[in-house]
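The structure is given below, and queries will be raised subsequently.
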Amino acid sequence: MSNATLAYDLPPLPSYTLHPLPPLIPGIPDGYLAPVLLVIAYWAASGIFHLCDEWDLFPQYRLHTPAEVLKRNHASRWDVLRDVILQQIIQTATGLVLTLIDPEPTFGKEEYDIAVWAQRLRIAQQAIPTTLATLGVDAASLASRMSSSHSILSSTLLGGVYPALTQTILLHGQPTTVPAFAPWELLAGRAIYHLLIPTLQFVTAICIVDTWQYFIHRAMHMNKYLYTTIHSRHHRLYVPYAYGALYNHPVEGFFLDTLGAGLAYLITGMTCRQSMWFFTMTTIKTVDDHCGYAFPWDPLQHLTGNNAGYHDVHHQSWGIKTNFSQPFFTFWDRALGTKWVGGDVSARYEKARIAAQRKADRDVKPITGSQATDSTQASSAKPYANEAIHATPTARAAQGTAEPRVPAGKATQQALGSRQSILDDRHGGGGISVLAEETAEEVRAQQQQQQQKPRRSLRKRTTSSGLGLKGFADRVGESLHGKSSGVLGVDSGRSCVRGTLRDATKNAWIRGHFDEKYGAGKLELAEVKDLSTEGALDEAVKGNGVVHVASDLSFGPDPNIVVKNAIAFTMGALHSAVKEPSVKRFVLTSSSSAAAPLKFNEPYDLTPESWATASIEAAWAPPPYEQDRMLSVYAASKAQAEQAMWQFVKDHKPSFVANSVLPDFICGLPVSLEKQGYGPSNTLLQALWNKNDYFRVLYPQFMVDVKDTARLHLAALLAPDAKNERVFAYAHNKTWTDWIARLEQMYPDHQFPDPPENEGVDMANVTGRPRAENLLKWLGTDGFRPMEESMKEVCDTFA
């Protein structure tokens, strides 16, 4: 027998023979079984949750009620089923393609691969003496002292020298003695081969999938075209349920899910059977994230922070541009600042959280994975810092009107950007109706919660219950511009004012109020039920001057109705006035929205030649006419009605002088607070006083006192030099930040909310402001009423 220990520094590797790997299920190749397992896992897991839905099991852990699934989702069960099956067909086809390019699975090389790792460990041991020497330890002497009691450890310390470990092999037909592996080397090799390498493959694949899906998913939200064209389909499910997890556009289904998982499989070098485990686990995790339940015993909801509650935020209108991570971990959301930081803002999460707490008899983590305090403690608002600047008026309005209310700070920016995405999705399942539906459900949850708690205040809380889409749209619209309707006729010969109204009985108090204050006969009321009727105002305009304040304030989205109504009302008043020879003046109540572009933090000139052309273009964009364009339509109605008046004056050259008044945000008390209430503008100030975030609905703009607005109408009617002018009722530049600071000085004992973050400012140079102030002085005033006086007049009624 020859000795080859000197020729072999390392134990030799065993030979091996490869054999075809028998399939797990006879007759079905593993490559075909793998994609089938995904389908089985998907429907088995989602079927369990579906039974919980249908049989109303565990309702205490539901994130949403069954009614919400029916009311708030914009995709039918059939639509979801169809698209999921289509995606699974794509997945299966991709899996079969991978089977064709994969080598045939074999076995027989396992012991060889284990020996390779054992051999690598033997090589690595050669560095031990040198490493110990750098630490001041003599490896040789240490090994010598341990050789009798721990021979294997002694050999390891010597750098992997095992003279006693040999084996006999046949080499060229002759028995030959060669080095052998230590038992621990083979054991470690097996652990590396069977445990460590698969674990690293799985962890790497998870990181690849999470990274791929995060950045593709985020791009589909940050890019308006990708969202509205492709990804918005998935978000038609505002209340996710288990088997809707793969409800996607086919393009998204392939690129986001199938391709990402396929790349992870190829890059990590998984075997087909490893892929069965990985893909099946990924599928079940995705289903679990969309299940709609916060189960305290569900391990998948506790292994990582990415669970059903975390992902549910992403499906809500206020969180749709947050929590992009899926399906495993949330490290990208945390690293790049896209994790929702507003806490459990929805009352609908409260029930599930309390139930889980009772079950575990201990405090549980928030459903959303965040606390409300995270919003103000966030070091930066990135990547949402510019959401307020880019938001449309409708989104700004909805931000203060829609429920749930979100805490100040970064969460406010996240919710604003998310709601803007919903409004941008005009052709999919988005639009303002989504915000209205969610608001209604949120209010119901709040009311149920209040019924279960002792009443802490005698003050009745105002909610949006029963608003419906129309009511919600009106509320959003009213928050930006006040309501007024009717025509005032001034007859100087009789020293009286004639006003029109739709219902004289309902508003009979007006006559009594004016009779008491100014004497009988100073005010006449004329009932005009329909301003669109030809000649409806012929009698009402008899006198010396006409002030036309009526407009279509339905805040509907169809310009063919709203804009045309506003023009028709104005033209009807003009035609009636031109038929009455006694009329010398005609004043139209226009609006700041007819002239001002929505610009913030950017200087611009606002002149008599300014028109809201962007709003007009947006209003008349091709249909469908979704509710989210209502504010553009309103602005277009005011602009085009005023333009129609000026065109009428140019074409017909009437005997009367025409002027228009363009008020911005109006502040001040109405004629009768008891009869008229605070009105939409003062309601915002009341919300601020009560620390209700509803006040944040209004973007930065100018303000004017209600009495100054009335005086400017009077000046436009009476001032001899006011001829064919646009009178800009822009008194003071207003931001909530400034108002809160002033109010804190006026009412030091009252606690006010924090101002909006990164609010911005309207930097308009209103060239017509000095002219408006001179008209007020012509009436004997000192000019525009100071801002503090207007604010205090209203706030004193709250205090």
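One-based numbering along the chain as shown.
Glycine is no exception: its Cβ is also placed from the backbone N, Cα and C atoms.
Residues or ranges marked as compositional bias 'Low complexity' by TrEMBL: 370-381. Taken from TrEMBL, the feature compositional bias 'Polar residues' covers 411-421. Here TrEMBL flags 453-462 as compositional bias 'Basic residues'. Under the heading domain 'Fatty acid hydroxylase', TrEMBL lists 203-338. Annotated region 'Disordered' per TrEMBL: 357-471, in sequence order.
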Under 8 Å between C-beta atoms and at least six residues away from its ends: which parts of the chain pack against the compositional bias 'Low complexity' (370-381)?
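The answer is 337, 339-345, 406-413, 754, 757-758.
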Give me the DSSP three-state residue breakdown of the domain 'Fatty acid hydroxylase' (203-338), ordered helix, strand, coil.
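Summed by class, the stretch gives 90 helix, 1 strand, 45 coil.
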At a C-beta cut-off of under 8 Å, are there same-chain residues at least 6 beyond the compositional bias 'Polar residues' (411-421) that contact it? List them, or none.
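Those are 221, 224, 227, 316-322, 340-343, 345, 372, 374-375, 381, 384-385, 387-388, 390-392, 395-396, 398-399, 402, 430, 435, 696, 756-758, in sequence order.
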Mind checking how the compositional bias 'Polar residues' (411-421) divides into helix, strand and coil residues in DSSP?
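Per-class counts: 11 helix, 0 strand, 0 coil.
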Please work out the mean pLDDT for the residues of the domain 'Fatty acid hydroxylase' (203-338).
91
Could you put numbers on the helix, strand and coil content of the compositional bias 'Low complexity' (370-381), residue by residue per DSSP?
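Here the numbers are 5 helix, 0 strand, 7 coil.
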